[in-house]
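K.L.:
Sharing the features that TrEMBL gives for it:
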TRANSMEM  57-77  transmembrane segment
TRANSMEM  84-117  transmembrane segment
TRANSMEM  154-174  transmembrane segment
TRANSMEM  186-211  transmembrane segment
TRANSMEM  231-253  transmembrane segment
TRANSMEM  265-286  transmembrane segment
TRANSMEM  314-333  transmembrane segment
TRANSMEM  354-373  transmembrane segment
TRANSMEM  393-411  transmembrane segment
TRANSMEM  416-434  transmembrane segment
TRANSMEM  449-480  transmembrane segment
DOMAIN    509-637  domain 'STAS'
């Protein structure tokens, strides 16, 4: 009989699941699936040529002009040839056009991911910028070596891109986008500021024209600074002069020339493009490589590379870096998207962005690229220029394609130091994030310490280790906030003031305290300790010590007042409670009763009151000791 009953229950559960699944499948049409995976299918048919095309065209062309020098500049951080930056920005923006939901982010290379890729290559003793990287456009290079000179850096970067995309896609399939909430804004701010410091130190050798040894792992910045101090006296004066001129030109242009120009013409000055063109002319005219040993790009192949299968077998060598790079790329994208979506009142699907970035990375990994995300400077420019849709990426990609196919070789005389100047000046907004510290301190010490830990851990250790340590510390602060919550007094009504509240006030004294956290096994002991301390102080303040009274009449009067004392615990912040918390409430009530103090719990939610009813807590604590508002708990006693 029992077996039949169980089998019937199991069958019912199966039927319910089958019915729910069938309903969900029927409600999901193929069109909805396609629109969800490819958002462009939803907005492109509704595209308004008259109102949107001009803004998207201007934005796309402007971003395209800006992205060419930036894409090549960031490759100096990643340790790959400049052409790889062009390929990365082209394929990333093109694929994201079909998959993304944000209209303002500019997908492509950015400093932090580039630096993390460079660190990964350094750990493998690879440096694609200095060594032969076998970059061709016929797609036939594919070494099988796992280390040494035969291991092509571009094989590793494509494998990292594939691994990062696979990681992002896996997170999307299992709907794990919510995990990124643990990467808070203070953590991102401190981490990116420290990463900017890494980037700056890595660019100094290129700014002064000295050779640098790549480092990876803990303490890499210290080793790089040591090498710089030893090689500084061997700086190339021509390279130093070019770098100083480039930094001054970009800084003055951005801070003083760009604002009035942008205000009048509604587009920014293409300062990087002007500097690149002038530097190429200067390099050719004065033959700075042959005569003064100034390092230049030398080789930029023209033509589009053919696709090759990524080296999946390389992933075991770099998987920790793959996870951290994939996570950081997504965090940069979703953080900027949320800002723009809030300002312009459109919806961004966090999980869809994981799909978009993951699929874009997987598809791009079949070409010589490295991991990408959202660029802060270019995305801000998209918003400023009034981009209406992601169609602006089509125009910027078209311009990039022209550079890749025909214009690339013209960039070969460009000094490497000019690319370093572009990177260094672009770091200014990241360094200015230190201004967040006073605001964080005013709001929460926990947030300030998260920023500091993220910064110093990343600077002193390594970008990957720093990120992991910062995330662990951020999660640990959540434990601290839960386990050591505040329990403070928010009100007191002594006997002398009771006439203002009620003519017939039956209680001598009432105090109101608030517990600022959910009540569970981790903080139940803290709740008990704080409540005992409050009860003890409350008893002492209400004349419970017989030794302080000179006569029996005075003691009896004080005892009567003490017996009428009330402690109201405001439980507004108690959003949930577990079995240990329920037992703690019962023990607290018993202890207060033993001290002849009436204990009132106020502002528990209806859901928690229902829990108390189900677990029969009202058999231990009378239901009249629970009030829905503090005011009622104070006046309705």
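Residue numbering: from 1, along the chain as shown.
Using N, Cα and C of the backbone, Cβ positions are placed for all residues, glycine too.
Heads up, TrEMBL stuff is auto-annotated, nobody curated it.
Predicted, not measured: the structure shown is a model, and the values here were computed from it.
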K.L.:
Determine which recorded stretch among 186-211, 231-253, 354-373 has the most C-beta pairs below 8 angstroms with the transmembrane segment (416-434).
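P.N.:
Of the candidates 186-211, 231-253, 354-373, 186-211 scores highest.
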K.L.:
Sequence-remote contacts (6 or more beyond its ends) of the transmembrane segment (84-117), Cβ cut-off under 8 Å?
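P.N.:
Same-chain contacts beyond the flanks: 37-40, 63, 67-68, 70-75, 77-78, 128, 135, 154, 157, 160, 192, 195-196, 198-199, 202, 305, 321, 324-325, 328-329, 332-333, 336-337, 340-341, 344, 346-349, 352-353, 355-357, 359-360, 363-364, 367-376, 378-379, 381-383, 387-391, 393-394, 396-397, 400-401, 403-404, 408, 423, 426-427, 430, 463-464.
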K.L.:
Before we move on, state whether the transmembrane segment (57-77) and the transmembrane segment (354-373) share at least 3 Cβ pairs under 8 Å, counting only pairs 6 or more apart in sequence.
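P.N.:
Checked: the transmembrane segment (57-77) vs the transmembrane segment (354-373), no contact.
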K.L.:
Averaged over the domain 'STAS' (509-637), what pLDDT does the prediction give?
P.N.:
79
K.L.:
So what's near the transmembrane segment (314-333) in sequence-distant terms, Cβ-Cβ under 8 Å and 6+ beyond its ends?
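P.N.:
Answer is 102, 105, 107, 110, 112-113, 116-117, 119-120, 123-124, 146, 155-156, 159-160, 162-165, 167-168, 171, 180, 183, 188, 353-354, 357, 361, 371-374, 376, 463-464, 467-468.
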K.L.:
At a threshold of under 8 Å on Cβ distances, which of 154-174, 186-211, 231-253, 265-286, 354-373 pairs most often with the transmembrane segment (393-411)?
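P.N.:
Comparing 154-174, 186-211, 231-253, 265-286, 354-373 against the transmembrane segment (393-411), the winner is 265-286.
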K.L.:
What residues in the same chain, six or more past the boundaries of the transmembrane segment (231-253), come closer than 8 Å to it by Cβ-Cβ distance?
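P.N.:
Beyond its ends, the transmembrane segment (231-253) has Cβ neighbours at 205, 207-212, 269, 271-272, 275, 279, 282, 288, 292-295, 415, 417-418, 420-422, 424-425, 428.
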K.L.:
Same chain, outside the transmembrane segment (186-211) by at least 6, Cβ under 8 Å from its Cβ: which residues?
P.N.:
76-77, 111-112, 114-116, 118, 220-221, 224-225, 228, 231-232, 234-236, 238-240, 243, 293-295, 331, 335, 416-417, 419-421, 423-424, 427, 430-431, 433-434, 436, 440, 447-448, 450-459, 463, 466-467, 470-471, 474
